[in-house]
Amino acid sequence: MAFETQDSSRHKETARLKNQEFLEFLKLKLCFPQSLLKGVPFLFLVVTICFIFCVDRRLRDSLERRFGVIIDAGSSGTRVHVCSFSLQNGDNLILEKDHYLEAKHSLTVCFQNASRVANLGFIFSKLLNFVRDIVPEPERPRTPIFLKATAGLRLMHGDIVEAVLDATRGILIASEFSFEPSRAIVMDGSDEALYGWITVNSLLNTLSNELLQTFGVLDLGGGSFQVAFDTNSSLNDQSIRNIPVLDKTYHVYSQSFLGMGLVEFRRRLYKFLKERDQLTSNPCFYKGVTDVIDVDGREQSFVETSGMGSFESCVALISDVFVEEFHFSVGEFRNRWNTSIDNFIAFAFFFDRISTFGLSLESSLSDLEEMGRYICSEEWNVVQNTYTSVRNGAPEHLCFDMAYIYFLLFEFLGIEQTQKTVWFLQSYQGSEFGWSLGALVHEMNLLLHEKQVL
């Protein structure tokens, strides 16, 4: 039965009320202070990432304005953030606005097929024209651009990585903006996780008020999966970064799991089925339907798969593939929960799929399981007609997607068993959650302290 008519209206109304409740919760909990924070650079991070996101408009108008640009070269698309800042007293940045645009093409795809290399110019033309619409012409020569690639390139061979970076550097050097070759890099996964944590907690203002508990972060990308949260430990662990903010130091566990992204893991699952000659009985695809899928990331490797449409069997298959690919036992991560943090923000593909189904921002294990059972057992023609627009995805993948999200949250992480609450949210007060904003502020502050460009 599809979630339609009277049942659908009741389901969506419940979700709406829960979402409104969460937003009211944020309004009560997250009160923005009026004082300005000044940052001090340390090691790889600059604490001015904990700057003010909301200040009085009259104060902003009296300050000098600067712009910064960061390009997120992800595995499932290429995105650009254009941020305007106010510069106070020559050494303190205040975020005014974050402008955001996504191109539905990844840079890696352009280099996996020679016929698509020309697409690179199209992608950057779209992104740079968006930047030009925001940054006034006189400001462009001193507006820095940074490009950071994530799991899509981390999964590629070295020659492809260098080809992508060299091509993008050439395009950005030729632009009228401030760019240096060292500003286009493949970002380390743990930095991606940490920047995501900083972005979320800066936007929600938990870092500047020590009375507030921070939020943990769950970021499901196309090629990797990031987890970050403030721990109760200051042990010398490579996954724990010590982040001093004002008079407090946060011990942040930040981990990126390469290959656990939604798109990449789906590909590995299909490859697993192919190697065992089980593509004709795929529980993660719709019963009686055949689809053509890619098993190793190259266009020449398409094979057919036929579905069984079973949520339970799909979750079990995901568990088998997970253990083989990553040598994790199911539930092993639960031993790492050395934290008293109660609330987690889940974004990227987590939010995309929750919003596709109209589920509430605070969806429980039973909510996700119910939706997973429904979508996997539903007739394919009903799925096609009901979910005509899937955010960053396609209707044929919804069964797998829901089963994988369910598995990550409740089997791998053990969210419900550890009594954690997950909020599915993509933005707050007009700014997107993700690593990009935290990374851009870090880079802008480095330039500011080095007295470059700004």
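Each residue, glycine too, has its Cβ placed from N, Cα and C.
What TrEMBL lists as transmembrane segment is 36-55.
Sequence-distant contacts of GLU192 (active site, proton acceptor), defined by Cβ-Cβ distance under 8 angstroms and a gap of at least six in the same chain, are THR150, ASP219, SER224, GLN226, SER256, TRP435. Annotation source TrEMBL lists active site, proton acceptor at GLU192.
Counted within 10 Å of its Cβ, the other Cβ atoms near PHE225 (ATP binding site) come to 28, all protein chains included. Per TrEMBL, ATP binding site is recorded for GLY222, GLY223, SER224, PHE225, GLN226.
Spatially close to GLY223 (ATP binding site) yet at least six residues away along the chain are GLY74, SER75, SER76, THR150, ALA151, GLY152, ARG154, LEU155, LEU258, GLY259, GLY261, VAL263, GLU264, judged by Cβ distances under 8 angstroms. Every protein chain considered, the tally of other Cβ atoms within 10 Å of the Cβ of SER224 (ATP binding site) stands at 26.
Within its own chain, GLY222 (ATP binding site) has GLY74, SER75, SER76, GLY77, SER106, ALA151, GLY152, GLY261, LEU262, VAL263, GLU264, PHE349 as residues 6 or more apart in sequence whose C-beta sits under 8 angstroms from its own. Within 8 Å of the centroid defined by the CB atoms of GLY222, GLY223, SER224, PHE225, GLN226, the record's ATP site, lie the Cβ atoms of SER75, THR150, ALA151, GLY189, ASP219, LEU220, GLY221, SER256, PHE257, LEU258, MET260, GLY261, LEU262, GLU264, excluding the listed residues themselves.
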